[in-house]
Structure formats: structure tokens, C-alpha cells
Amino acid sequence: MELRNKKLTHDEFMTERQQVLKTWETGKNVENFEDGVKYQQAIPEHKRFSLALLKADKEGKTLSQPRAGVALMDEHIELLKTLQEECDLLPSTIDAYTRLNRYEEAAVGIKKSIEAGTSKLNGLPVVNHGVAACRRLTETLQKPLQIRHGTPDARLLAKISMASGFTSYEGGGISYNIPYAKRVTLEKSIRDWQYCDRLMGMYEEHGIRINREPFGPLTGTLIPPFISHSIAIIEGLLALEQSVKSITVGYGQVGSLTQDVAAIQSLRELAHEYFQSYGYTDYELSTVFHQWMGGFPEDESKAFAIISWGAAVAGMSGATKVITKSPHEAWGIPTAAANIQGLKASRQMLNMVNEQKFPPCPAVELEIELIKSEVRAVLNKVFELGNGDIARGTVLAFEAGVLEAGAVPLPKDILDLHHDYVAERARCEGRQPTFQMVVDDINAVSHSKLIGRP
């Protein structure tokens, strides 16, 4: 079937569903869609992700959410019970094997974790645990729960997660393929995520609002806002077509105050612009700001400065929520205690800037207009390549270098502006403008500075 941005028919969905449920043994326990609907309908409002986001936006508050996930269900429950005392929203981060549909290896990881008495996986293998165990998780906790992963083919994971009572689902056919996988075609991952979005849309049609969040940071470090914005908007459009009504678009911190504030503000405005111009008016839109996703210094005091800076920018920019980091980022997967430290530092800063939104100023306004011009140039080309179809256009845009590198269709005046900025930096640093500048910038924060000057 040729890829198109078109709502899946009931027959198409049900035929595919039967194949999906057979991909692992726990699929047989979620065959009854109505059972999942009834379970979701019984979830109290204070545990529903979309309502928490809607309330936060209305009140002008920024919610906090960590990342967290371990192999064994009892340990995962205890971890999240600890974290929920300090955060507004809870995650369940999925392990690397599940992200690649390698459920046999995830099962081995569970066995080794039991034997070792500690997690041997970097997340929770939801598919292996199945719906009964996951319902025990969602019933025990008192905060809204989201699945966070990195899965190109997340269809079975989506089915089990929704039937288990999770009320938000992160990812998309672009953001969970290009940064994460090298053997999955974009055409396949977009089509697989149309299935995921249609599943969420079916819950919506039964009165259950599931929040969907494209993954904003992509590869994690120093992504130009116009690239991440374009992909977030594309994935939002794809989800809306499948009847999803709650969309959270995201962005990863780059470190420049004016650019980060402008990015969050322009992201919301551009998403509304494109969603509505293509006929989608019945939806809820929120934003997420990811604290610095690059390298961290080993010194905890320095790490706290980075965390606090990210929280301040998230709050002042008006982001609906912030994904927090821990002071142990340089060492690996953080402990619960380290995660709580990051949450507490973030909450202190969020409380302090809650009524101090960043004021309009020429520098931010200029950056907003620059980002908008760049995004419009790219998205207009994507639609052109697809003859009006954003799904087909996206595949062709990556092939042509429009959405990645090589042929990004920015106007000449904007290209000249960027060229002048790079040339000015090269003169200041006394070196030729090369890719080494990017490498130096990626490493700069872990060396206690923002710009990687020699």
C-alpha cells in the first residue's frame, strides 16, 4: 500500500491489528479492544495526562517530568512511587531491546535482572511484562503516566500500553526512526506510527483522550530549531489525521537564551498555524522543553547549574512541561536519589520564575521570525514534494536532503545570514569554519562553557 496521510479505515486497522498481536505472546491478552476502553474509562481525572497538560497551560504553569525505567516491575513501581513525590508527571522509559522489537532478548534481560538483584536493562520491557503487570503499575501510582521509548515499530507496545492505563504516548515515525535506527525505512516507520495514532484516535472516539508527544530533541544536541519544529509539526499533522486530539510538540535546549525562548514560543505558534491551515481545529496543543541533552560535567555542582538553567528557560518561555535531568548524567543512568535531586532543583527554579515570563524584546522577536521563515520554507517544500500529502512528502524530502542535510531549501537571505554568523565566529576564533566547531560546541557544556572556542 502506498504511503498517504489518510485516516486508516476500520478494516485496514483490524487486519493489521491481528498481525501485530501475534508478534509476541502477551499480545493475546489485549485482543479485546472494548476491555481496554472500559479500563481507560475508569481512570480518575487526576491521572489523565491530557487534563494535567490542559490545566497547566490554562494556569500558566510548567510541569516537571523525569525519565526513568528499570527491568523488573516491582522495582519499577517502587522507583516511580519515589519519584512521584517530587514530579508532576511520570514516565516509563522502555528498554533498548523492546525498542527494536527484540522481545526474546528482553526476556533474557528480565531473567538476568532477577538473578543479579538489579536491573540489567535500561528501561521497562512493557511488552514482555504484559497488560496485567502493567495495570498493577498504573493502579499503584497517583500521577499521570507516559510511555517514553524510541521505537520505530511501536504498534504492540502501544496496544499493551493503552490497555494497561497509560494516558500518554511519546514518539513518531520520524523522530523514533531517524535518530534511533539505521535499518528501518522511513516509509515503514511512518506507516507503523499511523497505526499507533489510529489506535489513540479510536480511544478518542470512545471518549478517552490520549496525549501524543512527538520526540522533539531528535539526536539530542544542537539541533537547529527549524529542523525539530518541522518534524514535530509533521508528526502532529499525521497524528491529527488519525483522530488524535491532544498533541504535545517538543524542543531540546541548545543553550542560547534568546533562541531557546524564541523556539518554544514559535513552536506553539507554528503548530497552530499549520494544524489549522490544513483543516484541524478540534485539538489541544501543549509544549515540552527538554533540559540540555548533551554532555554533562562530572562535578555535581556544575551539573546542577545546567539543570537549573534549563528549568529557568522552560518556565520563562512558557513551556507546558520540562523533561528534567539529574546531576549524575555524566556517570550513566541516574539513581532515584539523583533523579529526585534534579527534580527538586528544577521545581525550585520553576517556582521562582513562575510569574516571570520572558518579556518581549527585539532579539527574541527577530529569532522568532527567523525560525518561522525557516520552518515555512522547509514545510512548504515538503508539501510540494508530496503533491500536498505530508506523509509522502516527508519520505521524498529526506531522500532529497530537504529535511536533513544537503538541500535544505532556506531562502538566500537566511543562508547569507547564517554564513555571516559562522564567518564572524571564525574570525573571532582565528580558525577556518569547519565541522570541528560543531564538535567543540557539543563538548563545551561538559567543560563548563557554552561555546567550544579553542
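Yeah, the Cβs are placed from backbone N, Cα and C, and that goes for glycine too.
Annotated L-glutamate-binding residues in Swiss-Prot are Arg99, Arg148, His149, Glu170, Tyr176, Tyr180, and among Arg17, Arg48, Arg67, Arg209 the one listed with them is Arg67. The Cβ of Arg67 (L-glutamate binding site) lies under 8 Å from the Cβ of Pro91, Thr93, Arg148, Ile323, Asn339, each of which sits 6+ residues away along the same chain. Each of Thr93, Ile94, Ile147, Gly150, Thr151, Gly171, Phe215 belongs to the same chain as Arg67, Arg99, Arg148, His149, Glu170, Tyr176, Tyr180, is absent from that list, and has a C-beta within 8 angstroms of the C-beta centroid marking the L-glutamate site.
Spatially close to Ile333 (adenosylcob(III)alamin binding site) yet at least six residues away along the chain are Asn122, judged by Cβ distances under 8 angstroms. Among the residues the record lists as binding adenosylcob(III)alamin, namely Gly69, Asn122, Pro179, Phe296, Lys325, Glu329, Ile333, the two farthest apart have Cα atoms separated by 20 Å.
Across the residues the record lists as binding L-glutamate (Arg67, Arg99, Arg148, His149, Glu170, Tyr176, Tyr180), the two Cα atoms farthest apart are 17 Å from each other. Cα of Tyr176 (L-glutamate binding site) to Cα of Gly69 (adenosylcob(III)alamin binding site): a span of 18 Å. Minimal Cβ crowding within 10 Å, among the binding-site residues Gly69, Pro179, is found at Pro179. Same-chain residues at least 6 positions away in sequence with a Cβ under 8 Å from that of His149 (L-glutamate binding site) are, in sequence order, Thr93, Ile94, Thr98, Arg99, Gly123, Leu157, Glu170, Gly171, Tyr176.
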